[in-house]
Amino acid sequence: MPADPRLPTRIRSLLDQLGPLLALLGVWSLFAALRWDIFPTWENTQSILLQTAVIGVAALGGTMVIISGGIDLSVGSLIALVSVTVALVLRGLASGGDSSAADASGYGDAALAAVIGVGLAGLCGLSIGTMVIGRVGRVAAFIAGSLVGYIAWRSGLDYRAALPLAAVIAAAAWWGEGKLNSSIPLSPFIVTLGMWGALRGAAKGLADNSAVYPPATPLNSLMRFPSAPIEASLILRPQYWWSPGVWIFLALACFIAGVLRYTQFGRHIYAIGSNEQTARLCGIHVERVKLKLYACAALLTGIAGVLQFSFVEVGDPTTGASYELGVIAAAVIGGASLSGGVGTILGTVAGALLMSTINNGCTKIGLEVWMQEIVTGAIIVAAVTLDKLRHRGAG
């Protein structure tokens, strides 16, 4: 019986899908063998899962962007801005005096702060997407209106007059940009690199270059595991296995995987990443898809920012440094191609777990932080090289 000529292709496809999981298993086994006394413990597993949750949620959005052929370098700065915003909102609500009377449990304040933080991230994502598709003037109009309103308010104008003034200026500039009908598409690399600096500066400005310490709310428990030991009667209750933040990560991963696999929006993302010009010829509104894409990715980063705030329990404008590298590494290790058109959420989840396991394991065996950063960089280069070789072999 002749051999199936498609067998090598099937094996390669299977390895592409299972490769990140096999790598995760191999790395975990290596560190478990090196430090069997402290690495393969439940407490350390909890630590790895918590580290994965923040990067993992942001990597879900980062994977969508990479599949489309783009890149997002603003992840870490946006996480910092969201964490500072959440802390400032919570502190403001507490100092207002009405919080304890209206919401003794703190759930209302926590929900409001989280919504504001994630909403701000969504606006930043819309700004990024707007600049990527070439409507830079719209972002400039919004910034101009906001600056005029802010300066007027700081000069003594009542906020009830400053807000309409800002809206009028922004609307006028927006109208002028529409009349010009000019479109200057920008590289996602350039746009997000600029936003990386702008958002970090905004976070430091809002926090006055210092950490913001809000009162404790239910948000602080999102990234905590139950402190009490697990009893036999509680083994079947999932809430006692992992923290709420880990469950949020897994739920979002399932949702985004479904979006990419079963929705028109997801198919359009793959089509644009494979060949943008062909996607246009097929009738796909590329600009609209990109605008939605960057907004969705930023919303996921905003949720990661809320989880980061819960993890550190302060609004730190310096947090999230180099997180964008972790996001890119998780996606690329998981099989996503920086050329676009390829990538899965399952691979990204495995990649995020792999990076957290490596960082945790390096700490357990005594490697210093600078050596861990070298390892991370080497892994990214190796993953991209492997991707290039895989595509060359497929070609």
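Cβ coordinates come from backbone N, Cα and C, glycine included.
Note that the structure is a prediction, hence the values are computed from the model and not measured.
Per TrEMBL, transmembrane segment is recorded for 18-36 (among others). Using a Cβ-Cβ cut-off under 8 Å and counting only residues 6 or more beyond its ends in the same chain, the transmembrane segment (18-36) has close neighbours at 333-335, 347, 350-351, 353-354, 357-358, 360-361, 364-365.
With a cut-off of 8 Å between Cβ atoms, the residues of this chain six or more beyond the transmembrane segment (48-66) that come close are 72, 75, 79, 188, 223, 225, 242-243, 245-246, 248-249, 252-253, 256, 260, 269, 273, 293-294, 296-301, 303-304, 307-308, 311, 323-324, 326-328, 330-332, 334, 336-338, 340, 343-345, 348-349, 351-353, 355-357, 359-360. What TrEMBL records for 48-66 (among others) is transmembrane segment.
The transmembrane segment annotation in TrEMBL covers 73-90 (among others). Residues 54, 58, 62, 109-110, 112-114, 116-118, 120-121, 124, 128, 189, 192-193, 195-200, 202-203, 206-207, 212-215, 217, 219, 298, 301-302, 304-306, 308-309, 312, 314-324, 327 of the same chain lie 6 or more positions beyond the ends of the transmembrane segment (73-90) yet place their CB under 8 Å from a CB of it.
Annotation comment: TrEMBL describes 110-129 (among others) as transmembrane segment.
Summarising the annotation, TrEMBL assigns transmembrane segment to 136-153 (among others).
Counting only same-chain residues 6+ beyond the ends of the transmembrane segment (240-260), those with a CB under 8 A from a CB of the stretch are 46, 49-50, 52-54, 56-57, 60-61, 63-64, 67, 221-226, 230, 234, 266, 269-270, 300, 303, 307, 310-311, 344-346, 348-349. According to TrEMBL, the feature transmembrane segment maps to 240-260 (among others).
Sequence-remote contacts of a segment are chain residues at least 6 beyond its ends whose Cβ falls under 8 Å from one of its Cβ atoms, and for the transmembrane segment (293-312) they are 50, 53-55, 57-58, 60-62, 64-65, 68, 70, 72, 75, 78-83, 86-87, 114, 117-122, 124-126, 128-129, 132, 219-224, 245, 248-249, 252, 256, 269, 319-320. Residues or ranges marked as transmembrane segment in TrEMBL: 293-312 (among others).
Tertiary neighbourhood of the transmembrane segment (327-355): same-chain residues 16-17, 19-21, 23-24, 27, 48, 52, 55-56, 58-60, 62-63, 66-72, 75, 253, 256-257, 260, 270, 272-275, 376, 379-380, 383-384, 387, 391, selected by CB-CB distance under 8 Å and a gap of 6+ residues from either end. Taken from TrEMBL, the feature transmembrane segment applies to 327-355 (among others).
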